[in-house]
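> From TrEMBL, for reference:
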TRANSMEM  111-127  transmembrane segment
TRANSMEM  133-157  transmembrane segment
TRANSMEM  178-198  transmembrane segment
TRANSMEM  204-221  transmembrane segment
TRANSMEM  233-254  transmembrane segment
TRANSMEM  260-280  transmembrane segment
TRANSMEM  301-321  transmembrane segment
TRANSMEM  327-349  transmembrane segment
TRANSMEM  361-380  transmembrane segment
Amino acid sequence: MWRNSATVSFSSKLLSYSSSSANPNYFHYASAFSIFSPNGVVDQTLSPSHQRFYCSSAVPSPSPSSGSVIKLGFLANKSDAFRPLCLKARDAVQLARHYGRCYWELSKARLSMLVVATSGTGYVLGSGNAVDLAGLCYTCAGTMMVAASANSLNQVFEINNDAKMKRTRLRPLPSGRIAIPHAVTWASSVGFAGTALLAWKANMLAAGLAASNLVLYAFVYTPLKQIHPVNTWVGAVVGAIPPLLGWAAASGQISLNGLILPAALYLWQIPHFMALAYLCRDDYAAGGYRMFSLADASGRRTAAVAFRNCLYLIPLGFIAYDWGVASGWFCVESSVITLAISAAAFSFYRDRTTQKARRMFYASLLYLPVFMSGLLFHRLSDNPQCLAENPNSIVELPSFPEAVTESEEDDQKKKVRYVTAGPQGRAPVAYASIAPFPFLPVPSYVDQ
């Protein structure tokens, strides 16, 4: 109470002193801080720097000296000088948060990170015995930017459809949180930057795959969603390209072994999206999309397609083992998890309910990370690739030995040492391998 009374008296004395003073700074100080009255609320009609603060009593108190007023006026002038800077800084932080959130949602960041995970897995599988960590980081960064661009363009083209769906009506464009030209500029910038990064730090093959996938997703798959149910299979091709991109970025070529993970991604997406399309049938119909499940009232064909593609996943583990990509343990693990997702799909086929569709959807979410982790853990890194003198470059060695063979007691464990001269006078590079796993012939050198 004494504090309020002192404040009222001080304010009144200060106003009277400043009005009679020739120096206008004192009045500026009094008006810039506060004008008090006996109410207990703040007048919200004024700006924040001129809001009226009210107190509960008006007991007079001794007035301050002129020296105190001069000192307080000096401090007030300094405070007024720094206040605009603080407000600008606060506005800048709020603006950065706003657009950061919009960019995050436009990019579908969680989906883009899944794409990056598949691309990174493909890079490791294509790297052989030595993984270039810098190249892996560049490939993941470029893939992330291209995926963010494709997802942003997808939302630009589907703004009217998203506004009609409960699941998407709060996205940045339908909700009006960001303008269409701004979103187009963002998508174009990150798409170009990601493609350029892949061309610069990986190779042109990886950059070409990234650019073609962006075009396929944004300009083919997106409009096809409103035209024909075949869009699901086109979208599966889009999802299968990132692991192939990673393999190409690491090895500089597309080989038969590099098609195992893309095949798994393609086949996996069919039951995954069939379950999602069944669960969101009403929403897709409201948005104007032509999904496969909308023409299947009973859901029987939708469940049959999902179950059939789950069965197609079974041979992939055996193929990976037969081609020397992974060990026999991966063959067993892949079979187990594929039978599990197939059982969920068969359960949905027998009893086409929302509960069974959701169970198959969750099974598909579990399948992919387990499959990729098993493929990485059990991979056989006997491809003829190693580090040269420069640890940031990877050299592929030809399959013709020029040096001697070191024999051991067990012929199955003997090691063959390959020594070859690098191109253009590069120092010889040696690579050791287990004899039962022969090298794949590689005709040329690849420099990063």
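Even glycines carry a Cβ here, placed using N, Cα and C.
Walk me through where these features lie, including what they touch and how far apart they are.
Long-range Cβ contacts of the transmembrane segment (111-127) within its own chain (Cβ-Cβ under 8 Å, at least 6 residues beyond either end) map to 135-136, 139-140, 143-144, 147-148, 151, 239, 242-251, 257-258, 261-262, 265, 325, 368-369, 372, 375-376, 379, 381, 385, 394.
Among residues of the same chain six or more beyond the transmembrane segment (133-157), those with a C-beta under 8 A of the stretch's C-beta atoms are 103, 106-109, 111-113, 115-116, 119-120, 123-124, 127, 171-173, 180, 183-184, 186-188, 190-191, 193-195, 197-198, 201-202, 206-207, 210-211, 213-214, 217-219, 222-223, 242, 245-246, 249-250, 392, 394, 448.
Outside the transmembrane segment (178-198) by six or more residues, the chain places 99, 102-103, 106-107, 138-139, 141-146, 148-150, 152-153, 155-156, 159, 172, 206-207, 210-211, 214, 245, 249 with a CB less than 8 A from a CB of the stretch.
Note on the transmembrane segment (233-254): residues 115-116, 118-128, 131-132, 135-136, 139, 143, 147, 198, 202-203, 205-206, 209-210, 212-213, 216-217, 220-221, 224, 261-263, 265-267, 269-270, 273, 383, 385, 394, 396, 446 of its chain, located 6 or more positions outside it, place their CB under 8 angstroms from a CB of the stretch.
Within the chain carrying the transmembrane segment (301-321), a Cβ under 8 angstroms from the stretch's Cβ atoms is held by residues 260, 263-264, 267-268, 270-271, 274-275, 277-278, 292-293, 327-328, 330-335, 338-339, 341-342, 345-346, 348-349, 352, 360, 375, all 6 or more beyond its ends.
Outside the transmembrane segment (327-349) by six or more residues, the chain places 271, 275, 300, 303-304, 306-307, 310-311, 313-314, 316-318, 320-321, 356-357, 359-360, 363-364, 366-367, 370-371, 374-375, 377-380 with a CB less than 8 A from a CB of the stretch.
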> Within the same chain, where does the transmembrane segment (204-221) have neighbours whose Cβ lies under 8 angstroms from its own Cβ atoms, ignoring anything closer than 6 residues to its ends? I mean 6 or more beyond.
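Cβ under 8 Å, 6 or more out: 139, 142-143, 146, 149-150, 153-154, 157, 191, 194-196, 198, 231, 234-235, 237-238, 241-242, 244-246, 248-249, 252-254.
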> Going along the chain, which residues at least six beyond the ends of the transmembrane segment (260-280) come within the CB cut-off of under 8 Å?
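The answer is 118, 121-122, 125, 167, 232-233, 235-237, 239-244, 247, 291-294, 299, 302-303, 305-307, 309-310, 312-313, 316, 319-320, 323, 325, 341, 345, 348, 352, 354, 357-358, 360-361, 364-365, 367-368, 371-372, 375.
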